[in-house]
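S.K.: Below, the features straight out of TrEMBL:
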- HIS270: active site, proton acceptor (ACT_SITE)
- TYR28, TYR133, ARG168, HIS270, ARG273: glyoxylate binding site (BINDING)
- 81-83, SER110, GLN131, THR159, LYS246, SER268, 301-305, 324-325: FMN binding site (BINDING)
- 2-375: domain 'FMN hydroxy acid dehydrogenase' (DOMAIN)
Amino acid sequence: MLFDTGIHSTADARRLARKRLPWMVFDYIDGSAGEEHGAALNRKAIQDIRLSPRVLRNVSDRDLSVTLFNTPMQRPFGISPMGMCNLSAPGADLMLAQIAREFQVPHGVSTVASTDMETLLDASDRKAWFQLYFSGDGSGTMQLVERAKRTGYDTLVLTLDVPEVGRRPRELRHGFKMPFRIGPKQFFDFAMHPRWSLTTLAKGSPTLANFDGKEYVFDRTESRAAADWSYFDKLRAAWPGKLVIKGVLHPGDARRLRDAGADAIQVSSHGCRQLDSAPPAILALRHIRAAVGPDFPLFYDSGIRTGEDIVKALVMGADFVFLGRVLLFGIAAGKAAGLRAVWDILSQEVSLTMAQLGASSISDLKTLNHLWQNEAA
């Protein structure tokens, strides 16, 4: 697998994706808010975490499985909701759904997915979680909630860190828009990347599939600033399944959400795509874990690039980790084989890191003292 794809790390996948994708598409996936200092700081914060190896522990059998919402998962990481995945390659959403099906992990289905929510719930063996944005006056949002309920979704992920779309200069320079549009600037870009153009545009420009032919039309630039606690209460009352709140960085917000009925919180800076000055999400994770207590479900995303990063997030207090960009880079680099290469690399890196730390299970990462700064002298 690794020899066939040329992918031996997620950095390899990113490098290949950068060669193969149009500049506009690569920068849409890779870019962050503002001057991108926040993204760099988030990566540095993760890199600066030191883990303390433990010795003379039998780690010959290592178990990467976890349980979420009373459901067994084969990995401690899953798939974040990502918009317009099919820009990375035709059928990308379905490739991600197949991984979710095979490894029995959550597949976050974005409001702005390029494949409809019904298809992805089935393709993922009902492992899909539907991600929701509050938008406009909320009426269209509640239509999506009812549709997700009718379709059979068990888990809803409400993203709250986008009151307005973050200013991402890389996207603006290319004229990136959602729904996807092609003008003279984009035409030149695509002409310089014929391999992508022939395979992707030949199948038709990716669309916002959850809105095709529907009365409610998604506008990415529409304000979401009106969402407040009364809206949360309304959604909680309307949604009978599990409700995950994504995009939380403040311990006070986390406590209030827990007390108001959230079933889990996903600590996230939206990959630093919203606020350049946001704190490193990995550091916020520790404060939020202390605020909500040891037993409340906490998930994490933002800045994850390796299996060691995944383990660091688990050690810092996450119960589960969600991946974004690295998976799309795998798809862009080698389609389904590239995605599988990245997935297997991350799995191997998690397992090898566990061995170095003397951990045979994910729960061992919680009970053993692995943070170097916490080691006794």
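Using N, Cα and C of the backbone, Cβ positions are placed for all residues, glycine too.
Bear in mind that TrEMBL entries carry predicted annotations, made automatically and left uncurated.
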S.K.: If I take the alpha carbons of LYS246 (FMN binding site) and HIS270 (active site, proton acceptor), what is the distance between them in whole Å?
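M.R.: For LYS246 (FMN binding site) versus HIS270 (active site, proton acceptor), the Cα atoms are 9 Å apart.
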S.K.: Of all the recorded positions given, namely TYR28, ARG168, HIS270, ARG273, which is spatially nearest to GLN131 (FMN binding site) at the Cα level?
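M.R.: Nearest listed residue in space: HIS270.
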S.K.: May I ask for the distance between TYR28 (glyoxylate binding site) and GLY303 (FMN binding site), taken between their Cα atoms and rounded to an integer number of Å?
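M.R.: Per the Cα atoms, TYR28 (glyoxylate binding site) and GLY303 (FMN binding site) stand 16 Å apart.
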S.K.: Mind giving me a neighbour count for the residue listed as 'active site, proton acceptor'? Other Cβ atoms within 10 Å of its Cβ, every protein chain shown.
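M.R.: The Cβ of the residue listed as 'active site, proton acceptor' has 23 Cβ neighbours within 10 Å.
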S.K.: Do you see any of the recorded positions TYR133, ARG168, HIS270, ARG273 whose C-alpha is within 10 Å of GLY303 (FMN binding site), and which ones?
M.R.: HIS270
S.K.: Drop a 10 Å sphere on every Cβ of the binding-site residues PRO81, GLY83, GLY303 and tell me which sphere holds the fewest other Cβ atoms.
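M.R.: Counting other Cβ atoms within 10 Å of each of the binding-site residues PRO81, GLY83, GLY303 gives the minimum at GLY83.
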S.K.: Looking at the recorded positions TYR133, HIS270, ARG273, which has the shortest Cα distance to ASP301 (FMN binding site)?
M.R.: HIS270
S.K.: Around the C-beta of ARG273 (glyoxylate binding site), how many further C-beta atoms are within 10 angstroms, looking at every protein chain?
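M.R.: Taking all protein chains shown, ARG273 (glyoxylate binding site) has 26 Cβ neighbours within 10 Å.
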S.K.: Kindly assign LYS246 (FMN binding site) to one of the three DSSP-derived states: helix, strand or coil.
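M.R.: It is in a strand.
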S.K.: Rounded to the nearest Å, what's the C-alpha distance separating GLY83 (FMN binding site) and the residue listed as 'active site, proton acceptor'? Just drop the number here, would you?
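M.R.: With distance taken Cα to Cα, the residue listed as 'active site, proton acceptor' is 12 Å from GLY83 (FMN binding site).
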S.K.: If one looks at the chain holding ARG305 (FMN binding site), which residues at least 6 apart in sequence have a CB under 8 angstroms from its CB?
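M.R.: Correct list: THR10, ALA11, ARG43, ILE46, VAL326.
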S.K.: Which one is closest to ARG168 (glyoxylate binding site) in space, judged by CA to CA distance, out of the recorded positions PRO81, HIS270, ARG325?
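M.R.: Out of the listed candidates, the nearest Cα belongs to HIS270.
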